[in-house]
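Asker: Among the features that TrEMBL reports, domain 'Cation/H+ exchanger transmembrane' is placed at 15-360. Look at TrEMBL and you will find 395-419 tagged as region 'Disordered'. As annotated by TrEMBL, transmembrane segment applies to 6-24, 31-51, 86-105, 111-135, 156-178, 184-203, 224-248, 268-289, 296-314, 334-354.
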Amino acid sequence: MNHLNANTQFSWLLLIAFVVALLAKRLRVPYALALVVTGLAIGTARLFPQAHLEPELLFTVFLPPLLFESALHLHLDSLRRNWKPIAIYTLAGTFGSTFIVGYLVASLLAIPLASALVFGALISATDPISVIAIFKKLGAGRRLTLIMEAESLFNDGVAVVLFSVLSAAALGASATLGSGALQFGKLVIGGVVLGALIGAVASRMHRDLDDHQVEIMLTSLAAFGSYLAAEALHVSGVMAVVAAGLVIGNFGQNVMTPGIRLAVTAFWEYAGFVVNSLVFLLIGIEVVAIGWRDKIGIALGAALLVLLGRSVIYPLSLLVNRIGGEVPRAYQHVLVWGGLRGALSMALVLGLPIRFPARETLRGGDLRRGDFLAVGARFDNRAAFKSFEIGRKRGANSQRGATPEQPDHGDFSGVGLFG
């Protein structure tokens with residue numbers, strides 16, 4: 001794709017997203033679902049044959065602003081009050097889901113266990129965007145929103161690191177449980193430390209600045225710079241971006257004037273909205289580009305395995321409640337049902353090396369599963385959450401330990417595809 005074509009197609013996709021947003025609002029249909037369906041139509045008509053959701057594009061351009069924007073709004077005080085469920089669901093939940101799905105995939109598809117575990121890791125990244133939009137419509141408590149958003153944010157980092165470690169093992173790298181654990185710790189801790197340092201430096205610089213354009217530029221440098229620096233140093237870029245966003249959101253924003261804070265927040269809300277819009281469109285186009293009609297069975301099976309793997313939330317909640325985390329049964333249902341997967345999983349599976357064992361089988365399962373979820377085969381989340389009694393009447397208990405109201409990111413309800 002030459003430079004002119006890239007710019008032209010970007011402009012067209014942005015225009016299409018704008019028109020879809022207007023129509024979705026007028027017709028009262030979920031914006032994200034409308035985008036994916038539009039993408040499927042574009043892909044079928046081959047209007048943009050060179051438009052693809054390339055892994056490098058998603059990781060270096062799309063992922064940093066989405067992670068940074070989400071981390072920017074999480075309050076450390078609220079995270080501290082709810083650290084038990086968040087930590088247990090993030091660590092034990094991701095590992096549990098990875099191994100449950102991995103063993104089942106290896107058994108059912110007769111592929112090497114190492115490759116199946118990689119599949120389990122890549123679909124363990126959750127996407128809270130659509131679910132949180134529905135929470136707002138139903139008046140769900142802020143504590144549930146906080147737990148789901150924080151768990152998803154940290155879960156993305158853990159899932160990507162676990163994917164990297166398991167991929168190396170599947171490709172033949174000599175590894176033991178101990179060396180794998182050390183590599184995992186290096187990637188996670190290294191990314192967090194680097195991101196926190198970049199966030200701290202940026203926060204200190206905000207103290208001496210009083211220009212909204214310069215400060216927006218500084219936050220942009222922190223978001224993209226932390227990811228690129230982490231990748232160059234061979235630590236987790238995802239964890240670095242999350243850590244940088246948390247530090248700037250909790251310390252850097254405190255030294256901004258109210259006007260500048262509002263400008264920075266508005267910029268990142270807009271950036272997140274645009275990136276999500278483009279990603280959902282590209283998902284629809286990508287699913288058509290790789291073909292989907294030949295492996296519907298794999299898609300259905302993969303979707304069921306995802307839900308089964310996510311069910312690890314139930315036994316983990318027994319532990320959380322025993323140590324004082326207090327996650328009600330209705331919340332557990334939502335955490336299981338709302339743990340949707342998406343573009344992060346797609347980027348990981350698209351980036352599998354050619355020589356990766358069972359590569360095409362895994363690509364079929366993950367990408368067709370994404371299309372399967374996109375068209376709403378898991379029913380309507382609003383109806384499901386209402387049946388779980390998630391709504392305004394749970395208000396008193398659900399506000400405790402919560403973060404202040406989050407900004408609305410647009411109606412990405414009805415489908416969850418970004419992780």
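For all residues, glycine too, the Cβ spot is worked out from N, Cα and C.
Describe the structural context of these features.
Answerer: Long-range contacts of the transmembrane segment (6-24) within its own chain (CB-CB distance under 8 A, at least 6 residues past either end) are made by residues 30-31, 34-35, 38, 42, 48, 50-51, 274, 277-278, 281-282, 410-411.
Tertiary proximity for the transmembrane segment (184-203) is limited to same-chain residues at least six positions away from its ends with a CB under 8 Å from its CB atoms, namely 157-158, 161-162, 164-165, 218-219, 221-222, 225-226, 229-230, 233-248, 251-252, 255.
Listed by sequence, the residues of this chain that lie at least six past the ends of the transmembrane segment (224-248) yet keep a Cβ under 8 A from its Cβ atoms are 59-60, 63-65, 67-72, 74, 76, 153-154, 156-157, 160-161, 186-188, 190-196, 198-200, 202-203, 206.
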Asker: Hey, which of 31-51, 86-105, 156-178 has the most Cβ-Cβ pairs under 8 Å against the transmembrane segment (268-289)?
Answerer: 31-51
